[in-house]
There are 2 protein chains.
Amino acid sequence: MNLPEEIEVAAKQSYPVYLGAALEELGDYLQSLPDKIQHILVISHKKVSDLYLERLVKGLEDYRVDLLTVPEGEEEKSLERLSRLTTAALDCGADRKTLVIALGGGVIGDLAGFFASAFMRGIRFLQVPTTLLAQVDSSIGGKVAVNHPAGKNILGAFYPPLAVWTDFSTLNSLPWNEVENGLAESIKHALIDDEDLFAFFETQADSIRQRDPAIWREMVTRSTSIKIRIVSQDEREQGIRRLLNLGHTFGHALETEMNYRGVTHGQGVSIGIVAASYLANAKGSLTLTEVERIKQLLQRYDLPTSIQKQDPQTLLRRMQTDKKNQGGRKILVLPQGIGQAVVSEDCTDEEILAAWHKIIVENN
Amino acid sequence: MNLPEEIEVAAKQSYPVYLGAALEELGDYLQSLPDKIQHILVISHKKVSDLYLERLVKGLEDYRVDLLTVPEGEEEKSLERLSRLTTAALDCGADRKTLVIALGGGVIGDLAGFFASAFMRGIRFLQVPTTLLAQVDSSIGGKVAVNHPAGKNILGAFYPPLAVWTDFSTLNSLPWNEVENGLAESIKHALIDDEDLFAFFETQADSIRQRDPAIWREMVTRSTSIKIRIVSQDEREQGIRRLLNLGHTFGHALETEMNYRGVTHGQGVSIGIVAASYLANAKGSLTLTEVERIKQLLQRYDLPTSIQKQDPQTLLRRMQTDKKNQGGRKILVLPQGIGQAVVSEDCTDEEILAAWHKIIVENN
Ligand SMILES: NC(=O)c1ccc[n+]([C@@H]2O[C@H](COP(=O)([O-])OP(=O)(O)OC[C@H]3O[C@@H](n4cnc5c(N)ncnc54)[C@H](O)[C@@H]3O)[C@@H](O)[C@H]2O)c1
Ligand SMILES: NC(=O)c1ccc[n+]([C@@H]2O[C@H](COP(=O)([O-])OP(=O)(O)OC[C@H]3O[C@@H](n4cnc5c(N)ncnc54)[C@H](O)[C@@H]3O)[C@@H](O)[C@H]2O)c1
């Protein structure tokens, strides 16, 4: 087998991430595992399995493979879907030795991962991420979850996969609006940890937009490596891992206020990064020139840097219920120049309001 | 504080079990923890909290305490109840720093434990077991779960508690039929691991039936210690921990066949132990005299050793779907003399049928 790049994620149970792997070669990898697998349960969307299951099962001829498809959409990350997966899994004879493969984006990864963590108190689980967001972000770090009417990702687990099997070629079929969700996270990674990668995004914008394979390979590899480096230092999000929330506290308030309509996750993060940048500027850790540089980069990728017709006070209230807050205090991540960031617990409501004002465009 | 006996459970995250602790002194223990607690969520049955919450909160005056009560019954160990607990927990301001206390029997322990394992991907959890079964069995070993229409305990986790806080005095109010459920497990512990304890159950039957406090303290302590010893060697149930299933494969088939009516869990286990003993006798690892000794001890505690009007073939089929089976083979635990047991993977269907026949009484 043509070996892909392998990076180890340090965790309570560490696991390898194979970057540039081929779907067809997953079987060879499974053969090499000490504890043999007999039954495989692939969980996917119909669209994704139509595109890629055939390639994947080419390598899995030695195993009994079942496919369970889940309807599209964030709302399928639910306890109800978990319950149906349980019934379906038992119907096709899943047991403690079954391996769950998540073939899809972050929704499939989070749902299948939480299912695998809970089914018979935990069975083996492998990530095959097929969106840019899943490759550079959600497949790495062991977080899995479902949503609940009372909050996003409110029920879940830290459940490291057996491995992450990343085939870059699956990104070819990804619609551009989905690419943008991943780009927002990739640019965020660069901003908090890697000024060189930030510059790469600036200089390679045309090639990235044209999906140049060599440039994409480099972009995904470097961006994934940042996430691996960070979660390897802090699996449980008690320290440095919190930096990954840059842009998310603002973005999440916006997404919930707009009821997840009219703004994608990537757009929310993009606007959130800009708001956090203005706040960082007010706190003295970022120059206005740097704020402009960040905005220009996001705009280069058609990511929004402002929003219309929103009420800053309402958005501020939305931030109050963020599950990352502790004891009522708002915890925010602020860029510190390009390529570094800090967690701040001392932003006042006035300062946050001022940041919201900066990114809200008054309609005439 | 008057220190209870402390036994450490070895596990990926090891934890202490305090035997003979006082409800009122839990607060002192919490004060001694390095990572401070502010908010406590007690999950309990109304009946149990009416009896014991007042004593418990005496020691918790330094904390914000909320109580969530769950209706009685095994059917409340469900995803629906998990969902409601989530809403209720958020309503009373639970966050990542909240400590969940399970105050009750095995139903509360399993449900509250699974809730704590999943809420915000895992918050702290403490067991305060108040049934004999919970004290000697379910609070030890880190298994938590909910049921699903497709199977008992099918969704869950290995989620070690912060600690187990066992106050023997709570057992005073336990109805005798509930005591029996715990006794069946305690006798099982003796049978698989401790011939002396088995003899103790024989000689002390009258004192135990009269709930002599000193004798109970000894019985609970010794029986709990066996479970601790076993799970400390094998947290994930891959080896020796499987011995704890003695009587359960037979008993579980009976319970499901009877739809959990007409036979309690303890009665099912008791009959199951006898069936397994006959099977062990057929396989040559137990004498008929020993089978009789086991039956007599169970009868001393009014635990049943036979059942009427059941079809062995049907019960055999029920055993086919046991989640402990692997690759279609039935895995059974057989006593090997008194005080030892072995896992057997080579019992034929004929041998199992013969064991069922031994414990089924033909009606006239
Ligand atoms: N666990 C984590 O650490 C973590 C981190 C970030 C985000 N997330 C979660 O990830 C989810 C979002 O993930 P997402 O952005 O991948 O969305 P998604 O999984 O919904 O995928 C987006 C769309 O792309 C389609 N798709 C997937 N692969 C494709 C391919 N190769 N070609 C064509 N279409 C394809 C999907 O069917 C879907 O319609 C959210 O639920 C979020 O909470 C989790
Ligand atoms: N996690 C494990 O390792 C494990 C092991 C064995 C059993 N279990 C689970 O445990 C459950 C059974 O537990 P259980 O037998 O404790 O049943 P239970 O929790 O339903 O309690 C039995 C009854 O006793 C009442 N009660 C509890 N404490 C009392 C007290 N001090 N005084 C008076 N009444 C009291 C309860 O309200 C309930 O009505 C099952 O769901 C089983 O699956 C789990």
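Just so it is clear, glycine is given a Cβ too, placed from its N, Cα and C backbone atoms.
Whatever TrEMBL says is automated annotation, not expert-curated.
According to TrEMBL:
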BINDING   A:72-77, A:106-110, A:130-131, A:LYS143, A:LYS152  NAD(+) binding site
BINDING   A:GLU185, A:HIS248, A:HIS265  Zn(2+) binding site
DOMAIN    A:68-180  domain '3-dehydroquinate synthase N-terminal'
DOMAIN    A:182-325  domain '3-dehydroquinate synthase C-terminal'
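Residue counts of the domain '3-dehydroquinate synthase N-terminal' (A:68-180) by helix, strand and coil are 47 helix, 33 strand, 33 coil (DSSP-based). A:GLU74 (NAD(+) binding site) has a Cβ environment of 13 other Cβ atoms inside 10 Å.
Separation of the C-alpha atoms of A:HIS265 (Zn(2+) binding site) and A:ILE108 (NAD(+) binding site): 16 Å, rounded to the nearest whole number.
Taking the C-alpha positions, the distance from A:ILE108 (NAD(+) binding site) to A:GLU185 (Zn(2+) binding site) comes to 18 Å. Sequence-distant neighbours of A:GLU185 (Zn(2+) binding site): residues of the same chain at least 6 apart with a C-beta under 8 Å from its C-beta are A:LEU133, A:VAL136, A:ASP137, A:SER223, A:GLY266, A:VAL269. If you take the Cα of A:LYS152 (NAD(+) binding site) and the Cα of A:HIS248 (Zn(2+) binding site), they are about 13 angstrom apart, rounded to a whole number. When the neighbouring Cβ atoms lying within 10 Å are counted for each of the binding-site residues (A:GLU72, A:GLU76, A:ASP110), the highest count belongs to A:ASP110.
For A:THR131 (NAD(+) binding site), the same-chain residues lying six or more positions away in sequence with a CB closer than 8 A to its CB are A:GLY104, A:GLY105, A:GLY106, A:LEU171, A:LEU174, A:GLU178, A:ASN181, A:GLY182. Sequence-distant contacts of A:HIS248 (Zn(2+) binding site), defined as residues of its own chain at least six apart whose C-beta falls under 8 angstroms from its C-beta, comprise A:VAL269, A:GLY272, A:VAL333. Filtering A:GLU76, A:THR131, A:GLU185, A:HIS248 by Cβ distance to ligand 1 (under 6 A) retains the following binding-site residues: A:THR131. Cβ neighbour counts within 10 Å, taken over all protein chains shown, single out A:HIS265 as the most crowded of the binding-site residues A:LYS152, A:HIS265. Residues A:LEU133, A:ASP137, A:ASN181, A:ALA184, A:LYS188, A:GLY247, A:GLY251, A:GLY266, A:GLY268, A:VAL269, A:GLY272 surround the recorded Zn(2+) site, their Cβ atoms falling within 8 Å of the Cβ centroid of A:GLU185, A:HIS248, A:HIS265, which are themselves excluded. Secondary structure counts, DSSP: the domain '3-dehydroquinate synthase C-terminal' (A:182-325) has 103 helix, 2 strand, 39 coil. The number of other CB atoms found within 10 A of the CB of A:ILE108 (NAD(+) binding site), across every protein chain shown, is 30.
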